[in-house]
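Peer 1: Take a look at what Swiss-Prot says about it:
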type: DISULFID; residues: CYS50-CYS70; note: disulfide bond
type: DISULFID; residues: CYS115-CYS198; note: disulfide bond
type: DISULFID; residues: CYS122-CYS189; note: disulfide bond
type: REGION; residues: 127-149; note: region 'V1'
type: DISULFID; residues: CYS127-CYS150; note: disulfide bond
type: DISULFID; residues: CYS211-CYS240; note: disulfide bond
type: DISULFID; residues: CYS221-CYS232; note: disulfide bond
type: DISULFID; residues: CYS289-CYS323; note: disulfide bond
type: REGION; residues: 289-322; note: region 'V3'
type: DISULFID; residues: CYS369-CYS434; note: disulfide bond
type: DISULFID; residues: CYS376-CYS407; note: disulfide bond
type: REGION; residues: 376-407; note: region 'V4'
type: DISULFID; residues: CYS587-CYS593; note: disulfide bond
type: COILED; residues: 622-656; note: coiled coil
type: MOTIF; residues: 701-704; note: motif 'YXXL motif'
Amino acid sequence: METQRNYPSLWRWGTLILGMLLICSAAQNLWVTVYYGVPVWKEAKTTLFCASDAKAYETEKHNVWATHACVPTDPNPQEMVMENVTESFNMWENNMVEQMHTDIISLWDQSLKPCVKLTPLCVTLNCTNVRNNTSNSTSSMEAGGELTNCSFNVTTVLRDKQQKVHALFYRLDVVPIDNNSTQYRLINCNTSVITQACPKVSFEPIPIHYCAPAGFAILKCNNKTFNGTGLCTNVSTVQCTHGIRPVVSTQLLLNGSLAEEQIIIRTKNISDNTKNIIVQLKTPVNITCTRPNNNTRTSIHLGPGRAFYATGDIIGDIRQAHCNISRTDWNKTLHQVVTQLGIHLNNRTISFKPNSGGDMEVRTHSFNCRGEFFYCNTSGLFNSSWEMHTNYTSNDTKGNENITLPCRIKQIVNMWQRVGRAMYAPPIQGNIMCVSNITGLILTIDEGNASAENYTFRPGGGDMRDNWRSELYKYKVVKIEPLGIAPTKTRRRVVEREKRAVGMGASFLGFLGAAGSTMGAASITLTVQARQLLSGIVQQQSNLLRAIQARQHMLQLTVWGIKQLQARVLAVERYLRDQQLLGIWGCSGKLICTTNVPWNSSWSNKSQSEIWDNMTWMEWDKQISNYTEEIYRLLEVSQTQQEKNEQDLLALDKWASLWTWFDISHWLWYIKIFIMIVGGLIGLRIIFAVLSIVNRVRQGYSPLSFQTLVPNPRGPDRPEGTEEGGGEQDRDRSVRLVNGFLPVVWDDLRSLSLFSYRLLRDLLLIVVRTVELLGRRGREALKYLWNLLQYWGQELKNSAIDLLNTTAIAVAEGTDGIIVIVQRAWRAILHIPRRIRQGFERSLL
């Protein structure tokens with residue numbers, strides 16, 4: 001009985017404990033939460049566009065780099081340093097280099113398209129040496145000077161007429177025909193189509209800033225001793241690179257950027273003779289190049305609208321072009337280069353020798369000076385041997401203050417080492433001089449034994465990618481991934497309609513500054529981080545339209561214009577993709593969006609504190625990147641189900657407020673309902689009248705009018721008031737029907753209302769009695785089940801007790817028997833000596 005009294009309390013406490021366990025287990029559930037504007041990026045290849053301050057340069061000439069089509073440079077460039085971020089860079093696998101190389105070639109070709117083709121000049125040239133006024137020249141051209149005077153026939157304005165003209169050509173631009181000493185042709189006539197550069201085209205390098213479109217960013221390594229490959233610990237993000245001058249040169253890098261602390265050696269493999277070595281200097285070396293000849297330029301008409309520009313005459317003596325470099329500065333720089341090379345080569349002997357041969361562009365230091373293409377012999381620069389920790393020794397015994405490099409000039413240039421394309425550079429009038437800074441070297445190492453004590457380096461080049469690589473080594477392009485997914489304890493509870501705001505994008509400069517912070521710290525600043533993507537797209541479009549408007553007379557878009565259009569389309573596509581995903585997930589206009597998708601521990605089983613307090617968004621993204629598509633799919637399925645539920649819920653939205661019933665827009669509907677009710681009542685009145693008439697006709701009455709009296713019941717206590725007054729009183733009396741339309745309607749409404757009331761009351765009473773009966777029966781059934789459960793519980797308990805008692809008794813009886821047997825055996829063992837003694841005693845007796 002005591003146990004029976006404790007059953008209700010046990011059930012009560014058990015239910016309470018079970019509920020608490022369910023609540024606690026539900027509280028530990030994690031749900032997927034979407035974050036927009038997180039500092040996450042991935043390496044990408046994208047179309048970059050250019051920015052340039054073209055107004056600061058001469059505007060009369062058309063620059064070959066077409067920087068007028070670039071957007072203006074930002075007067076306040078932003079650079080956001082990312083704390084606690086380590087990023088991997090690889091200058092040898094940088095798509096920015098390939099893109100710049102392709103752009104420069106395309107710009108070069110595009111600038112030559114409208115220029116004059118020099119096919120009519122592929123004729124026989126009768127050439128003689130040009131003599132100085134003060135000295136005699138040799139009789140043969142091979143031994144003569146750099147210039148030769150050639151006469152040839154060209155077609156005039158009239159195609160059937162020819163005239164003989166003459167012009168000065170450089171020796172490098174003509175070759176003899178059949179080893180004839182007087183008859184020559186232009187060097188490229190048998191291999192290339194020669195195009196003359198337009199007279200007003202300038203080759204002056206203008207700094208070009210490469211910029212990333214909206215949705216992308218450029219990461220910059222700020223380590224002062226960074227060698228171009230590996231991890232960088234000082235990383236910042238920029239929108240555009242620094243101004244890069246597209247200087248086309250070989251062997252020596254001109255007017256580039258300098259190293260900050262020490263000379264930097266950059267190479268893919270320093271012992272591989274097929275790989276170029278890029279040396280970035282710390283201190284620039286001045287180089288001054290001069291063409292001392294005072295040339296005049298003449299124009300030769302090749303036909304209608306076509307003119308060929310050539311050197312007409314030279315005023316004064318013919319002197320060779322040359323470049324001057326300070327010997328002291330060069331030797332000091334070379335000593336620093338040797339020191340850094342010795343670190344990579346274990347302090348062995350290092351020698352510098354001239355280039356071993358090849359194309360003239362590679363064999364010499366080639367560059368453009370004021371429109372003339374110079375090819376300078378650098379044997380005077382690279383002819384020395386260096387011992388580690390010893391003084392400098394050189395084969396050059398000259399003690400001149402400057403090193404003079406003899407230079408030759410070519411007008412027919414085969415740019416980019418491509419077959420089939422050549423350019424004729426028109427001569428420049430007057431003296432030419434250009435002052436540049438040597439900021440880097442391109443070297444190659446001779447093939448040899450790795451155990452050799454002497455390493456030989458030679459100047460190299462020819463692949464312009466190395467020129468661009470020397471400036472772009474510290475940059476890489478990344479794609480911003482502003483959508484982040486992480487587990488939280490918050491779940492989307494309510495289903496309600498959202499007022500969807502206009503979504504804002506992520507600022508790749510602002511929010512990447514929080515890249516090194518933990519996820520919890522970075523998520524606090526999402527509002528600041530997600531504001532400038534769309535505005536960046538609009539600003540880029542504005543800049544592009546401004547540039548096109550300024551050059552609207554040019555119907556042909558430049559390479560830069562096309563790239564800007566591509567960049568903008570790409571940015572818009574990325575923005576729309578992110579907004580589409582947010583819309584599909586029901587997160588439009590939200591920076592932090594909770595969802596109804598439970599977090600699966602197989603994606604990540606880390607705790608909340610491990611995720612939000614110890615991990616960055618980049619680390620977290622790498623961990624769950626394999627499950628991103630699956631999570632996206634679940635978010636879409638969840639939102640689809642929620643929208644379906646929302647649609648069902650909104651079907652009842654019209655009942656949300658009773659005041660909407662009085663909206664004037666509903667009045668026509670109310671009038672329609674009133675007319676339908678009145679029409680129905682009239683129809684019912686007619687039907688009832690017809691049925692009443694038919695019923696009375698069947699009973700023998702003949703209705704004369706609608707005023708026929710109908711029986712009206714009255715009480716038995718009311719006697720007949722007049723006339724006959726005797727006999728048995730009738731139970732009914734007749735009353736007249738009402739007169740008029742409104743009384744008829746009112747009477748019918750009253751009768752219909754009373755009938756409906758009585759019918760509904762009867763139905764309600766039936767329902768109440770049924771529910772009461774069901775409730776009583778249900779309560780009795782539950783009570784019976786409870787009693788039955790108690791009875792069987794008690795029976796089970798009694799059976800268990802009986803079983804336990806029986807088991808205990810059986811065990812006790814068995815144990816007692818075993819104990820008795822053990823005792824008897826033990827006593828028998830104890831009595832053995834006594835029995836033996838008694839046996840001996842009996843035997844003795």
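Note: Cβ is positioned from N, Cα and C throughout, glycine not excepted.
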Peer 1: Out of CYS50, CYS70, CYS369, which of these disulfide-bonded residues is nearest CYS198 (disulfide bond) by C-alpha distance?
Peer 2: CYS369
Peer 1: What subset of the disulfide-bonded residues CYS50, CYS122, CYS221, CYS232, CYS323, CYS593 lies within 10 angstroms of CYS240 (disulfide bond), using C-alpha positions?
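Peer 2: Neighbours among disulfide-bonded residues, in sequence order: CYS50.
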Peer 1: Spatial neighbours of CYS369 (disulfide bond) among the disulfide-bonded residues CYS50, CYS70, CYS289, CYS376, CYS587, CYS593, defined as Cα within 10 A: which are they?
Peer 2: CYS289
Peer 1: Using the alpha carbons only, what distance in Å do you get between CYS407 (disulfide bond) and CYS434 (disulfide bond) once rounded?
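Peer 2: With the alpha carbons as reference points, the distance is 13 Å.
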Peer 1: Tell me, by DSSP, whether CYS127 (disulfide bond) is helix, strand or coil?
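Peer 2: Assignment for CYS127 (disulfide bond) reads strand.
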Peer 1: When DSSP states are folded down to helix, strand and coil, where does CYS211 (disulfide bond) land?
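Peer 2: Where CYS211 (disulfide bond) sits, the three-state DSSP reduction gives strand.
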Peer 1: Report, as a single number, how many Cβ atoms besides its own are within 10 Å of the Cβ of CYS211 (disulfide bond).
Peer 2: 23
Peer 1: What average pLDDT is reported by the model for the region 'V3' (289-322)?
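Peer 2: Averaged over the region 'V3' (289-322), the predicted model reaches a pLDDT of 76.
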Peer 1: Least buried of the disulfide-bonded residues CYS323, CYS376, CYS434, going by other Cβ atoms within 10 Å?
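Peer 2: Minimum Cβ neighbour count within 10 Å, taken over the disulfide-bonded residues CYS323, CYS376, CYS434, occurs at CYS434.
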Peer 1: C-alpha of CYS211 (disulfide bond) to C-alpha of CYS150 (disulfide bond): distance in Å?
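Peer 2: Rounded to the nearest whole number, the Cα-Cα distance is 49 Å.
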Peer 1: For CYS127 (disulfide bond), which of the disulfide-bonded residues CYS50, CYS115, CYS189, CYS221, CYS593 has the nearest Cα in space?
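Peer 2: Of all the candidates listed, CYS189 is nearest in space.
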Peer 1: Determine, using Cα-Cα distances only, which of these disulfide-bonded residues is closest to CYS50 (disulfide bond): CYS122, CYS434, CYS593.
Peer 2: CYS434
Peer 1: Using DSSP, how many residues of the region 'V3' (289-322) fall into helix, strand and coil, respectively?
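Peer 2: Counting residues per DSSP class in the region 'V3' (289-322), I get 0 helix, 26 strand, 8 coil.
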Peer 1: CYS232 (disulfide bond) to CYS70 (disulfide bond): how many Å between their Cα atoms?
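Peer 2: Cα-Cα distance, CYS232 (disulfide bond) to CYS70 (disulfide bond): 31 Å.
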Peer 1: Whole-number Å only: compute the distance from the Cα of CYS434 (disulfide bond) to the Cα of CYS289 (disulfide bond).
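Peer 2: Cα to Cα, CYS434 (disulfide bond) and CYS289 (disulfide bond) are separated by 5 Å.
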Peer 1: Of the disulfide-bonded residues CYS70, CYS150, CYS221, CYS376, CYS587, which one has its Cα closest to the Cα of CYS189 (disulfide bond)?
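Peer 2: Closest candidate to CYS189 (disulfide bond), judged by Cα separation, is CYS150.
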Peer 1: Out of CYS115, CYS122, CYS593, the disulfide-bonded residues in the record, which is closest to CYS221 (disulfide bond) when you go by Cα distance?
Peer 2: CYS593
